[in-house]
Amino acid sequence: MSASTPTTATPATDRHQQGTAQVAVTGLAVMGRNLARNLARNGFRVAVHNRTTSRAEALVEEFGHEGDFTLARTAEELVAALERPRRIIVMVKAGEATDAVLDELVPLLDEGDIVADAGNAHWRDTVRRHAALADKGIRFAGVGVSGGEVGALEGPSIMPGCDADTYGELGPFLEIISAHVDDEPCCTLIGPDGSGHFVKMVHNGIEYSDMQLIAETYDLLRGPLGLPVDAVADTFRAWNDTELESYLVQITAEVLAHTDADTGRPFVDVVRDAAEQKGTGRWTVQTALDLGVPVTGIAEATMARAVSGDTERRAAVREALEPVDDGDEGGSDAAAVDLSVDDLRAALYAAKVVSYAQGLDMVREGSRENDWDIDPADLSRIWRDGCIIRARLLGDITQAVEEHPDAPSLLATPTFAAAVADRLPALRRVVTAAVASGTPAPVFSAVLAYVDALRAERLPAALVQGLRDYFGAHTYERVDREGTFHTEWSKDRAEVEA
Ligand SMILES: NC(=O)c1ccc[n+]([C@@H]2O[C@H](COP(=O)([O-])OP(=O)(O)OC[C@H]3O[C@@H](n4cnc5c(N)ncnc54)[C@H](OP(=O)(O)O)[C@@H]3O)[C@@H](O)[C@H]2O)c1
């Protein structure tokens, strides 16, 4: 296949002119560029465009030999380069940039053309854009893409949300360029309008929680257990041959084994300990609160990043509390905290399962609330490869969800109930050791509390209800008979039916 050179690009101004490119990508930073190359490498004729033309020129210059590219210097050229219905993938900075691109493109399009936003849009923006474009007869897809730079080039996990007819036109392209497991694409229609970006958001939330759990495990291995960093790297490397096998565990071993060239110190020791966030964790927690779904692992992971970045407050409180003697003598006595490396391995797996269970609960609730009809088994299937949270565990989750579609929680399926029950003592030892040694382990602690709360015969929520009724006459239900009741706390404390 030969690439079109920049000089062969059609300087079209007539939007009704029909080109031969099958698909376009606009927005050619790391993700868009690699997605365009992936499409071209798979034999598709690809038109490429970027606000700053030099990026598009550089792509064709550098990678033109990889496939059939058409360079478009303007939005008009891009539209003219495409066969119809046009398929345009937008891969720009999420938010205002996406609206700016749509404002420019949409007036140039014809009824039935397809615009797919593959950036990390907020799912509510996608719902809005889908409706706005539908009014103009333009088909809009909100496409979640995970896998980072390499995934975009070699096969990401793709989560498209759109109407079925739009998927019929777009899906074959996305499925071919996605990662594959046993010839099955890691891409499937998730549901309508915002569902793809909703699911991508939850995926990123789970990613936050996965990474924080790994970080807490690392901290406990190095702190209370006193392992040198290269031994911690070896531990994660060995764990990647177990039920913990996953992309994140694999790269954890690599990052921990890396030595800083300047200082000769472990790389992890020269990196500032303030984790950044781009917003998808926060969106997940905000949406979960709106839906009333407890995603405690994701929430604590998001908060942990915020705490880490709160450097001024950290310094002030560290200094203020420094003289306080709480009996902590450094917190590195492994014997005193009764913790083993195997405990951490078991606890990491159990905590991961809980955090995936919470994420899937959120998807179910979001789907119900928005009438999206998402099949949770589809998600675990398309997350098995290509994406950042790819893990051996996802194969087992797919099987459990398929076998027990009506289970109210992954934790209520036989496989995962047994897996978590077996590891609960280890998880409890890990949290105990973290507390005893003063090692912050917010996600381990949160998921353990969540499991304990779900398992409890009675929760102290009964007292909360009593207090709410006392100060606000908010009423309560009784365990022994139907109805809603109120106690007249400020009078004779008689109970009345509300
Ligand atoms: N990086 C990842 O690992 C990853 C993974 C999954 C999804 N995503 C999502 O994929 C999208 C692209 O990510 P990225 O890292 O490749 O790039 P990015 O840094 O998020 O965005 C840069 C791109 O957006 C364009 N852009 C910015 N403002 C614009 C505007 N007002 N009008 C038109 N174009 C505008 C830039 O054009 P110019 O060259 O002209 O500035 C450039 O092509 C984002 O939504 C991101 O959240 C990223």
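Just so it is clear, glycine is given a Cβ too, placed from its N, Cα and C backbone atoms.
No curator has checked TrEMBL annotations; they are predicted automatically.
In TrEMBL this protein carries:
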- K200: active site, proton acceptor (ACT_SITE)
- E207: active site, proton donor (ACT_SITE)
- G27, L28, A29, V30, M31, G32, N50, R51, T52, V92, K93, A94, N120: NADP(+) binding site (BINDING)
- N120, S146, G147, G148, H203, N204, Y208, K278, R305, R468, H474: substrate binding site (BINDING)
- 196-490: domain '6-phosphogluconate dehydrogenase C-terminal' (DOMAIN)
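Distribution of TrEMBL features across the structure.
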| residue | record | DSSP (3 states) |
| --- | --- | --- |
| G27 | NADP(+) binding site | coil |
| N50 | NADP(+) binding site | coil |
| K93 | NADP(+) binding site | coil |
| G147 | substrate binding site | coil |
| E207 | active site, proton donor | helix |
| R305 | substrate binding site | helix |
- Message: Tell me which of the recorded positions A29, M31, T52, N120, K200 ends up closest to H474 (substrate binding site) in space, Cα to Cα.
- Response: K200
- Message: Within its own chain, what residues at least 6 apart in sequence put their Cβ under 8 Å from the Cβ of N50 (NADP(+) binding site), listed in sequence order?
- Response: T26, G27, L28, A29, G32, A56
- Among G27, L28, A29, V30, M31, G32, N50, R51, T52, V92, K93, A94, N120, recorded NADP(+) binders, what is the largest CA to CA distance in Å? 20
- Message: For the domain '6-phosphogluconate dehydrogenase C-terminal' (196-490), report the average pLDDT of the model, please.
- Response: 95
- For G147 (substrate binding site) and T52 (NADP(+) binding site), determine the Cα separation and express it in whole Å. 25
- Query: Can you list which of these recorded positions (A29, H203, E207) have a Cβ closer than 6 Å to ligand 1?
  - Reply: A29
- Message: Based on the record's binding annotation for substrate (N120, S146, G147, G148, H203, N204, Y208, K278, R305, R468, H474), what whole-number value in Å is the widest Cα to Cα distance?
- Response: 49
- Item | Nearest recorded site to the residue listed as 'active site, proton donor' by CA-CA distance, among binding-site residues T52, K93, R305 | R305
- Message: Nearest of the recorded positions to K93 (NADP(+) binding site) by CA-CA distance, picking from K200, H203, Y208, R305?
- Response: K200
